[in-house]
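As recorded in Swiss-Prot:
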ACT_SITE  Glu205  active site, proton donor
ACT_SITE  Lys339  active site, proton acceptor
BINDING   Gln163, Lys339, Arg368, Ser369, Lys390  (2R)-2-phosphoglycerate binding site
BINDING   Asp242, Glu287, Asp314  Mg(2+) binding site
Amino acid sequence: MTEIINVTAREILDSRGNPTVEVEVAVGTGDVGRAAVPSGASTGEHEALELRDGDKGRYLGKGVRKAVANVIDEIAPAVVGLDASDQASLDARMIALDGTPTKSKLGANAILGVSLAAAKAAATAHGLPLYRYVGGAGARTLPVPLMNILNGGAHADSNVDIQEFMVVPLGLPTFAEALRCGAEIFHALKKVLKGKGAATGVGDEGGYAPSLASNEEALAVIMEAIGQAGYEPGKQVALALDCAASEFYDKKAGKYELEGEGKRFDGKGLVEYYAQLAAKYPIVSIEDGCDEDDWATWKLLTERLGGKLQLVGDDLFVTNVTRLARGIEQGVTNSILVKVNQIGSLTETLEAVRMAHRAGYTTVMSHRSGETEDTTIADLAVACDCGQIKTGSASRTDRIAKYNQLLRIEEELGGSGRYAGRSAFKALR
């Protein structure tokens, strides 16, 4: 019934105007699944390889014709005839066909497109929404949105070093109310920034990207916006940071340099800097607080703040079970960011989530800075019982599409659904 009968692919554009891969998989029932692959701006060194053409005369070298050709000429002949409902076998076939540790032969973007499209085709063939097909009957938890309303670092052209400042509406009763809260704070922040004469253009993920004096000023204006929107900081709304510390780490010197503030820290100093921010503001989560290979400072940070805050490994773990296992063994961080394109297949993504949950780590489903209208991660957040999702601000349709899908899922679940709220954060339980 769900035998794969056709696989095709094309080059489309993502939210930054860069090419990406879109795949369609057709199964014997006549159902078709379609998936578009996202792309990151600040990417971890240990991520699976996103295959680009490298032809500078076309899309500045960022074309994906090679990956598209690999889907059509290499992957399709190998998977036609397989059962799309057997996700593990399908993904294993593609991984074996590639034969490299980072999927560099066929491209993680090629493999992932087929992996996700096949899952969507199978779900439709079985008459199930994707979250129910992947997550089973127990998939009913709506995630807390970590809404990136102010951008810095690699996501914006400004002197704010920390990459993302997020509002976390954890004290609301439903996902719909949490989303409304985040949107109202987003609009209030625009007024606050305008009042200070700051720019209100938005970055890659829909958050404002003003040039502010310091990271702390960014936190201060968000706190002001929360109050102006009529919400209570700490009780109804908390804050989260994605520091993307690998972007401001000097590997040769072993120092972290916040150029916008003129500050330079060793690992111990950086941990103290975060501790001071957490003491002053209602921060519940810090992502990528240290460099992706600075395990020693990660250990210091976990020992200092791991009992109070969620410490999320993104570039550190890259949704990879080998790196995650090392983190668990060393007692580093207490949470993992989940990005399907970091590892390049649905099966491996689900394995990482299961490993994290077994170890008592929280999981945060995440978008990338280069997105499309594809809403797969909204369903996966519910399917995987992540409890949290990062999918940008309350602007840009590529971000809003995911939030709207979660609104639909909440409506469909009705009384059986629950909003994760504060319970999504282990330190707050």
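In case you wondered, yes, glycine gets a Cβ from its N, Cα and C as well.
Cβ atoms within 8 Å of the centroid of the Cβ atoms of Asp242, Glu287, Asp314 (the Mg(2+) site) belong to the same-chain residues Gln163, Glu164, Leu241, Cys243, Ala244, Ile286, Asp288, Val312, Asp315, Leu337, Lys390, site residues excluded. In terms of local Cβ density within 10 Å, Lys390 ranks first among the binding-site residues Arg368, Lys390. Spanning the residues Gln163, Lys339, Arg368, Ser369, Lys390 that the record associates with binding (2R)-2-phosphoglycerate, the maximal Cα-Cα distance equals 17 Å. In sequence order, the recorded positions near Glu205 (active site, proton donor) (Cα within 10 Å of its Cα) amount to none of Gln163, Asp242, Glu287, Asp314, Lys339.
Using a 10 Å radius centred on the Cβ of Asp242 (Mg(2+) binding site) and all shown protein chains, the other Cβ atoms total 28. Its Cβ taken as reference, Gln163 ((2R)-2-phosphoglycerate binding site) is surrounded by 26 other Cβ atoms within 10 Å in the chains shown. Each residue contributes its Cα atom, and for Ser369 ((2R)-2-phosphoglycerate binding site) and Lys339 (active site, proton acceptor) those atoms are 11 Å apart. Put plainly, the recorded positions Glu205, Glu287, Asp314 were compared by Cβ crowding within 10 Å, and the winner is Glu205. For Lys339 (active site, proton acceptor), the same-chain residues lying six or more positions away in sequence with a CB closer than 8 A to its CB are Pro38, Gly40, Asp314, Val318, Thr319, Ser366, His367, Arg368. Every protein chain shown contributes to the tally, and the Cβ of Ser369 ((2R)-2-phosphoglycerate binding site) ends up with 24 other Cβ atoms within 10 Å.
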